[in-house]
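K.L.:
According to TrEMBL, the protein has these features:
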DOMAIN    7-230  domain 'Orotidine 5'-phosphate decarboxylase'
BINDING   13, 34, 61-70, 124, 185, 194, 214-215  substrate binding site
ACT_SITE  61  active site, for OMPdecase activity
ACT_SITE  63  active site, for OMPdecase activity
ACT_SITE  63  active site, proton donor
ACT_SITE  66  active site, for OMPdecase activity
């Protein structure tokens, strides 16, 4: 059973200087940080190493999506860089997810631990109208459930999904699947560009394993106090 701090993944969607500043403030308190595209594309594996050196586990949120051969190599490289969790798009299909699994398993031989793969279903910035505009007529919740089942069957350890779908996925996938939920906003916080959101308590009650919380912590005047407030709500 994860404790409150282990359930909160702090999203470092900022530049390196601020990420290191936030890391120093939260070291010894937070256990997970999310390194996304902005940081990783700018600084590469070194930013993962720096986060590990500060005592954090790293959720590497690259949302990989390419042909299987490319994804096999990318997943292996990301795992060797130190990713504890790695994301990819479920829309890439079964063969792509299977290739990613092969990649992280190949890297596990030297790391003595295997990177967990999490598949992204539908971005939390999208709604039903957004899906229709890209040619997907399936109802949003049904599309999420379809992609989640496909991903699990192909070897994904878990799913990244919005708080609105996490309850249905917990029923579909059972207690063993990791369900990581972005779009988390403490009560009264600005939703920003997220559409399908919830409070920490709502998401966990619905069945989330872990929560991704970024701006409410990173952009707070006192990030440590903001983090502790989220953990208190989780507990």
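Each Cβ is built from the backbone N, Cα and C atoms, and glycine gets one as well.
The shown structure was predicted, so the numbers you read here are calculated from the model rather than taken from an experiment.
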K.L.:
Provide, as an integer number of angstrom, the distance between the C-alpha atoms of residue 61 (active site, for OMPdecase activity) and residue 13 (substrate binding site).
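P.N.:
On Cα coordinates alone, these residues lie 10 Å apart.
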K.L.:
Calculate the distance in Å between the alpha carbons (Cα) of residue 63 (active site, for OMPdecase activity) and residue 13 (substrate binding site), and round it to a whole number.
P.N.:
14
K.L.:
In whole Å, note down how far the CA of residue 66 (active site, for OMPdecase activity) lies from the CA of residue 214 (substrate binding site).
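P.N.:
One finds 27 Å between the Cα atoms of these residues.
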K.L.:
Cβ neighbours within 10 Å, counted over all protein chains: which one of the recorded positions 13, 61, 66 has the most?
P.N.:
61
K.L.:
Give me the long-range Cβ neighbours of residue 65 (substrate binding site): same chain, 6+ apart, Cβ under 8 Å, in sequence order.
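P.N.:
When sequence neighbours closer than 6 are ignored, residue 65 (substrate binding site) has 71, 88, 89, 91, 92, 96 within Cβ distance under 8 Å.
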K.L.:
Helix, strand or coil for residue 68 (substrate binding site)? Use DSSP.
P.N.:
helix
K.L.:
Please average pLDDT over the domain 'Orotidine 5'-phosphate decarboxylase' (7-230) for the predicted structure.
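P.N.:
On average, pLDDT over the domain 'Orotidine 5'-phosphate decarboxylase' (7-230) sits at 93.
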K.L.:
Do any residues at least six apart in sequence from residue 68 (substrate binding site), in the same chain, have a Cβ closer than 8 Å to its Cβ, and if so which, in order?
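P.N.:
Non-local contacts for residue 68 (substrate binding site): 95, 96, 98, 99.
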